[in-house]
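Asker: TrEMBL lists these features:
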DOMAIN    B:3-155  domain 'L-asparaginase N-terminal'
ACT_SITE  B:Thr11  active site, O-isoaspartyl threonine intermediate
BINDING   B:Ser53, B:Thr82, B:Asp83  substrate binding site
ACT_SITE  B:Thr82  active site
Number of protein chains: 4
Amino acid sequence: MTLRIIATGGTFDKHYNELNGTLGFAESHLPEAIARARMTAPVELELLPLLDSLDMQDADRARVLASCQAAPERAIVIVHGTDTMKETAAVLGPAALDKTIVFTGAMIPYQIAGSDAFFNLGFACGVAQALPVGVYVAMNGQIFAWDNVQKNRAAGVFQPM
Amino acid sequence: MTLRIIATGGTFDKHYNELNGTLGFAESHLPEAIARARMTAPVELELLPLLDSLDMQDADRARVLASCQAAPERAIVIVHGTDTMKETAAVLGPAALDKTIVFTGAMIPYQIAGSDAFFNLGFACGVAQALPVGVYVAMNGQIFAWDNVQKNRAAGVFQPM
Amino acid sequence: MTLRIIATGGTFDKHYNELNGTLGFAESHLPEAIARARMTAPVELELLPLLDSLDMQDADRARVLASCQAAPERAIVIVHGTDTMKETAAVLGPAALDKTIVFTGAMIPYQIAGSDAFFNLGFACGVAQALPVGVYVAMNGQIFAWDNVQKNRAAGVFQPM
Amino acid sequence: MTLRIIATGGTFDKHYNELNGTLGFAESHLPEAIARARMTAPVELELLPLLDSLDMQDADRARVLASCQAAPERAIVIVHGTDTMKETAAVLGPAALDKTIVFTGAMIPYQIAGSDAFFNLGFACGVAQALPVGVYVAMNGQIFAWDNVQKNRAAGVFQPM
């Protein structure tokens, strides 16, 4: 099954800038992560502007929706910041596309020791190929419906509402 | 959904022994991997004897089957060596248990740079929760039916027969 | 030869806080780094308050000097932020202690992929045991006298003045 | 100071072969390690045949000696297997070259989690620049004279004789 992975930034893709000591965005880590996963099914990687999800505006969410609408693939993984993953999912859910769309992200950036990013990417890729049409959030090893999920910021985990 | 993860060894769990310079088995890396994945759903980890899958005998495969039969969980991930993953799956498939059983493993051990292990674990955990009852192999970002999969040893990838 | 390692923070020891997505200080990584280095000579690790070196005040530098004065060891490594490493070295140099004192740090935190921290720690530990009494900066695989070194912030490297 | 690094293989440079599941030699990790260390002094990397040091013959040790004799640099680091590091050092010591020659290696390969390799490389690079002419073994954060060192294989550490 062909899979589309759409990168939108978020903690997953944060990059350490050694000249100023901050975490920001540079090249996405997804090409390396996909190669490392040894995926043999066709994977289309689409790089949208990489953003901290707290900085996402309506236009950014509209662009994610447009990408999903335009995609020829039926299985889509969206790598997204955790803070507003729910909000972007709430734009895609009511659109009722004939696709399986799975949001994931990370609590620790891909390039930092102990990161959950690579597991989450695999988890979302499995869910996107296996579940029926719909919009889901796949975090903490759990699958949530787009309209029954929230981030518990104090605990740093996703949970039902 | 409660998930059972059954460790049987294989490349995923190979451990470097610094006193003799060989790769063998010691403590499983799965407790660390599960913690790092920040899984919030209940996970039961069952450690069977850790073996190179080329060393697996009929009795070892019977033990895997017995563990699956005894498991109260409906979703099971089996971490297994890649060389005879297909053979163990061929013991479980005809047993037709009322469970979703997903085999995975790794081409590079969890503790070696560039390992696919953590992605594969996530991938299998997603598939095990999302697919209907059956026995599957989840490798290379693809889901294979237990009776239509083989390892291409020259290329180091799984493919349909 | 007994070695004292004094931790003062800096990029070397920055820690990713997954609840707020920032880099700050928590437990020092030095106990893990020292264990991983398999050092068999006695090592005394002294943890001073962990600071971004841009936040260091005169009192903080005085405390580093006091630690060096009080140390019974003749060989001392100071792990320090790179931005004001030179300034703290300029407090220790004129004190003319009868010890070999070597500053080091990192351009990328210990826990981030591609970090130079572990190399730099080894480099400084070698220099501290091998050089005569004096105060040095050991970065980028080079040894600098405390009064002839500067950080080129645009290039992210240390160089003579 | 210009530094020469001579790679001869050993555990430091062992490479995991994912097609047959064994540790052997392929490309040296030293170019990556040197880049990661951000060394700004000129470094000449010389790649001799990469060998398990248990497989080293007299001719191999003669080649290491020849490389040291031919080197224009006064500071040389030799990355070598730990099992016969002492034997090769015993060929170089009596040659009494007018150079500082420092042997190092690793207990865990560079590409395996928890490796000491990168620290040891830094340690040896510091010692090679700081010590007077002679032949040394730099392991476990300690500096040994070439004629007063042995590997304690049961403990996996170097110690005086």
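Note that Cβ sites are derived from N, Cα and C of the backbone, with glycine treated the same way.
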Asker: Please find, for B:Ser53, B:Thr82, B:Asp83 as listed binding substrate, the greatest distance between any two Cα atoms, in Å.
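Answerer: Per the listed residues, the maximum Cα distance equals 7 Å.
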Asker: Using DSSP and three states only, what is B:Ser53 (substrate binding site)?
Answerer: helix
Asker: CB neighbours of B:Thr82 (substrate binding site) within 10 A?
Answerer: 25
Asker: Cα distance, B:Thr11 (active site, O-isoaspartyl threonine intermediate) to B:Asp83 (substrate binding site), nearest Å?
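Answerer: Per the Cα atoms, B:Asp83 (substrate binding site) and B:Thr11 (active site, O-isoaspartyl threonine intermediate) stand 9 Å apart.
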Asker: Whose Cβ lies within 8 Å of the mean position of the Cβ atoms of B:Ser53, B:Thr82, B:Asp83, the substrate site, other than those residues?
Answerer: B:Gly10, B:Thr11, B:Asp52, B:Leu54, B:His80, B:Gly81, B:Thr84, B:Met85, B:Gly105, B:Lys151
Asker: Between the recorded positions B:Thr11, B:Ser53, where is the Cβ count within 10 Å the lowest?
Answerer: B:Ser53
Asker: Quick check: in three-state DSSP terms, what is B:Asp83 (substrate binding site)?
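Answerer: SS state of B:Asp83 (substrate binding site) = coil.
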Asker: How far is it from B:Thr11 (active site, O-isoaspartyl threonine intermediate) to B:Ser53 (substrate binding site), counting Cα to Cα, in Å?
Answerer: 9
Asker: Taking the Cβ of B:Asp83 (substrate binding site) as the centre, how many other Cβ atoms fall within a 10 Å radius?
Answerer: 18
Asker: Among the recorded positions (B:Thr11, B:Ser53, B:Thr82), which are close to chain D, meaning C-beta separation under 8 angstroms?
Answerer: B:Thr11
Asker: Between 0 and 100, where does the mean pLDDT of the domain 'L-asparaginase N-terminal' (B:3-155) sit?
Answerer: 97
